[in-house]
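Features of the protein shown, as given by Swiss-Prot:
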TOPO_DOM  1-22  topological domain 'Extracellular'
TRANSMEM  23-48  transmembrane segment
TRANSMEM  60-86  transmembrane segment
TOPO_DOM  87-95  topological domain 'Extracellular'
DISULFID  95-186  disulfide bond
TRANSMEM  96-118  transmembrane segment
TRANSMEM  138-162  transmembrane segment
TOPO_DOM  163-192  topological domain 'Extracellular'
TRANSMEM  193-218  transmembrane segment
TRANSMEM  273-299  transmembrane segment
TOPO_DOM  300-312  topological domain 'Extracellular'
TRANSMEM  313-337  transmembrane segment
LIPID     347  S-palmitoyl cysteine
LIPID     351  S-palmitoyl cysteine
């Protein structure tokens, strides 16, 4: 066997292998950055181009999220990618500004996700109150709070060097001074106080809020789906019972088991959607923030507890930034945005126009169960076919009639929010945009 004569670089890897690894890293990171840029740019362009997307207050939060993720792709990811490929930080004193941008943009992205979850919970739990109070001004206030908090925990501590810890051990094991290490790697070791406090504000508190809100959303949606299914069965049952034979005898009414299966299918879709939202977010950011709180407590050697090698830490960092490339897919891929994207990309006629059978079930203040169903080809204007079934009041008591005459809700519908509309897409996944509040007249608010 011929002796191995390949040269080794400073990392101990063969030069050929190190070069190939750098090429693969460059390709992967370039694709990640480009996908993040494309996705979030499309969201921003769609909102600027199409007025109906700007008319929905909920989309204000999606826009803010897209802007924060776009800034991650412009101000944060490219600089770190160059450093990863080069093997050192080539931008000198820009390190501190870059660190501040990193903290600000990442925090803004996470806080915007938190605001979206609170907005959806409020819209579903208190639709009448949401419709009155969630104005564009209120939305701008929430967005301003998220961005202000992101700036406060990033630029001020970084510029005043409050975030730095006194060095106890080198990250690469061979530097002679803190300044030289930061100039070469831009790997500033955070102080324990700043690491914990910033992690609480940037991740742990928001993720706790998101878990509570999305769990509550699922419970509300589950109850609404079951009650609406019961009302569907009651409406069909009442309609069938009014059918008579030629002899004037009523036809025997029967209940179908398909409604129970449909109810289970709807609940499963809602659960799957919420699981994807939380699962992607937690999987992307949790490893980084766990390690971010562990590293400051690391001892003088990397082999001690709480110590994480620099390669693993960098992988966790990129996992977190990858969330910015996935957010447009999760939060902006409803029917409205899909049509806008198709138009912007010029594939309005080339994209497949699969039919989406959509059924809208809403209940107005008069106790009427409204079913709106239509087949909506992508890129076309939907044509609704509305069927209104009024639950017969004869099944209620005289107290129910008094409630109706007084403008109230019949007792069987009392626990069901009269302003909640659940839109169920049988061919596509359920999204949070498909659970919308409606006005007093039973019409969907925009």
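Quick reminder: no glycine exception, Cβ is built from N, Cα and C everywhere.
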Contact call for the transmembrane segment (60-86) against the transmembrane segment (193-218), three or more Cβ pairs under 8 Å: no
Least Cβ-crowded entry, counting other Cβ within 10 Å, from the recorded positions listed as 95, 347: 347
Non-local residues, at least 6 beyond the ends, that sit with Cβ under 8 Å of the transmembrane segment (313-337): 29, 32, 35-36, 39-40, 42-43, 46, 52-53, 62, 65-66, 68-69, 72-73, 76-77, 80, 84, 106, 109, 113, 116, 276-277, 280-281, 283-285, 287-289, 291, 295, 356, 376, 378, 431, 433-434
Winner by Cβ pairs under 8 Å against the transmembrane segment (273-299), considering only 23-48, 96-118, 138-162, 193-218: 193-218
Folded-back contacts onto the transmembrane segment (96-118), same chain, C-beta under 8 angstroms, at least six residues removed: 58, 61-62, 64-65, 68-69, 71-72, 75-76, 79-80, 142-143, 146-147, 149-151, 153-155, 158-159, 163, 186, 188, 198, 201-203, 206-207, 209-210, 213-214, 217, 281, 285, 320-321, 323-324, 327, 331
For residue 347 (S-palmitoyl cysteine), the three-state class that DSSP assigns: coil
Contacting positions for the transmembrane segment (193-218) when only residues 6+ beyond its ends and CB under 8 Å are counted: 103, 106-107, 110-111, 113-114, 117-118, 120-121, 124-125, 149, 153, 157, 162-163, 270-271, 274, 277-278, 281-282, 285-286, 289, 292-293, 295-296, 432, 435
Alpha-carbon spacing, residue 186 (disulfide bond) to residue 347 (S-palmitoyl cysteine), which is rounded to whole Å: 43
Other CB atoms within 10 A, centred on residue 186 (disulfide bond): 22
Integer average pLDDT (0 to 100) for the topological domain 'Extracellular' (163-192): 61
Distance [Cα-Cα, Å, rounded] between residue 95 (disulfide bond) and residue 347 (S-palmitoyl cysteine): 42
Secondary structure composition of the topological domain 'Extracellular' (87-95) [DSSP: H/G/I, E/B, coil]: 2 helix, 0 strand, 7 coil
